[in-house]
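Lifted from Swiss-Prot, the feature list:
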ACT_SITE  Asp309  active site, nucleophile
ACT_SITE  Glu338  active site, proton donor
BINDING   Asn236  Ca(2+) binding site
SITE      Asp404  site 'Transition state stabilizer'
Amino acid sequence: MIYDDKIFGDLCHKEFLVEREVKKLEEIYLEEVLPEDPKPEDEIEFTFNCPLKFHITSGKIVKDNREIYTFNIQERKTQWNDSIFNFSEIIKIKIPPLKENGLYQIHLYEMNEKIYEQYLSIDNFEAPLWSEESIIYHIFIDRFAKDEKEVEYSENLKEKLGGNLKGILSRLDYIENLGINTIWISPIFKSTSYHGYDIEDYFEIDPIWGTKEDLKKLVREAFNRGIRIILDFVPNHMSYKNPIFQKALKDKNSNLRSWFIFKGEDYETFFGVKSMPKINLKNKEAIDYIINAAKYWIREFGISGYRMDHATGPDINFWSIFYYNLKSEFPETFYFGEIVETPKETKKYVGKFDGTLDFYLFKIIRDFFIGKRWSTKEFVKMIDLEEKFYGNKFKRISFLENHDSNRFLWVAKDKKLLRLASIFQFSINAIPIIYNGQEMGCSQYRDILEGNRTLHEHARLPIPWSDDKQDKELIDFYRQLVKIRKSHPALYKGTFIPIFSDMISFIKETQEESILVLINIEDKEEIFNLNGTYRDLFSGNIYTNSLKLGPMSAHLLLRIDH
């Protein structure tokens, strides 16, 4: 079985990708920047695709409305494109180091007419060091815990059930005991719906989820336990009940009208959902409002960063502006995007985020462990190539399930597979997420795609807190797995060295340690020949010469004879 939650939508269809490529080739677009995230001391090379309807003659680098550098086109190359059955021009531009941190713009001209503008953040910002050691616990607030109690189940899962910040606070001991050091909370702002992704007020907490004092206390108590709090932030769209949108809707002459994208009486939305109008993030006032809101929760409450919802929605220039402004003031904060895209397109967000939720990795993990789509050789090769493609600077964040997908166990029907997939997830450099309840063995009652509908609420059921509803052995397994990862830097920042065999096998290595990862997903024993002496990080057993792996089993082996 190959299972697809359709998170990628049309991106998995070749016809869609070809059509998108055709549209892209009709406009000027930035194909590549080298280096990908330029520093002040770097010479920078830009590669643009230029269609036939344009002829780029010159350009400028601009900062704060001041011309910093002018250039003529240094290199032109003709390119044939089968997808449009026509030529286009590849333009390469090299500029000297810009020397100063700043938010720059590159302008391209045809004679005296500006025909293209792209923002570029030149800076020394990086993901904070604490992020590479992060193990993220993803909490869907409305379903997690209500004060010190369990959230009561309701047949109407589309209504707010009342999970709140006090509920998270009441479970901090549990989260700390798991070994978690970062919590990502779904949107807590005043909202029309139970999921919080349609915000009525970016500066207020929804009363059903708590108060600002509750948030301050949660951040303080969590930080005292070595746990950071990351919030879910939604810049692409807001609730139609937001007073800003209501004023724009009712008054065609309002300055707020330009904060949105009106077309006559209609307006652009989030995937056609009329209750979620899209924000025009090319409008300076709208941009400033969103940035100020994001800064507010960091400055006033000590938030450690944001998961940015629907990051492919806003124009990519917005992210250059947002990232530069936030990191300039709060360099130790962490920002990762919900970038549901191909790896090639995702990489264009380097320098605009610290990292991304890795949807490609999510898909191939589920396709392999549940769907048995790939051979072990193909799977290990894909992981190796993705590691090399992204490198370690742009942080990938891994997950086996989330609030928009079916639970892993709902699809796999096998806790052994969940354990094996989790061991793999915790053995690669991507920052791992545990979705609340995953560690307890939570599943669901109905498929989110039942009847060709999208029933996300069935992956968002209330979390069970009574002992008889939790798998204590599975919780203990996750606790041990978290401890192992945190104790061995090779697992979260080591070099990935593939070994092609009849099972998943690879080495994670730093100068200080080498760990051999072996995962057998077959229903038969496998033998692996060892080239040294190893200690199993789960059992403590010592192995030399060879190791017999039982069916559906895994070993994390620390080499001890160096």
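Just so you know, glycine gets a Cβ as well, placed from its N, Cα and C.
Features as recorded by Swiss-Prot, highlighted on the structure.
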residue	record	Cβ neighbours (10 Å)
Asn236	Ca(2+) binding site	21
Asp309	active site, nucleophile	20
Glu338	active site, proton donor	21
Asp404	site 'Transition state stabilizer'	16
Asp309 (active site, nucleophile) versus the residue listed as 'active site, proton donor' - Cα distance in angstrom: 5
Coarse DSSP state, helix versus strand versus coil, of Asn236 (Ca(2+) binding site): coil
Three-class DSSP secondary structure - Asp404 (site 'Transition state stabilizer'): coil
Spatial separation of the residue listed as 'active site, nucleophile' from the residue listed as 'Ca(2+) binding site' - C-alpha basis, Å: 8
Inter-residue C-alpha distance, the residue listed as 'active site, nucleophile' and Asp404 (site 'Transition state stabilizer') (nearest angstrom): 12
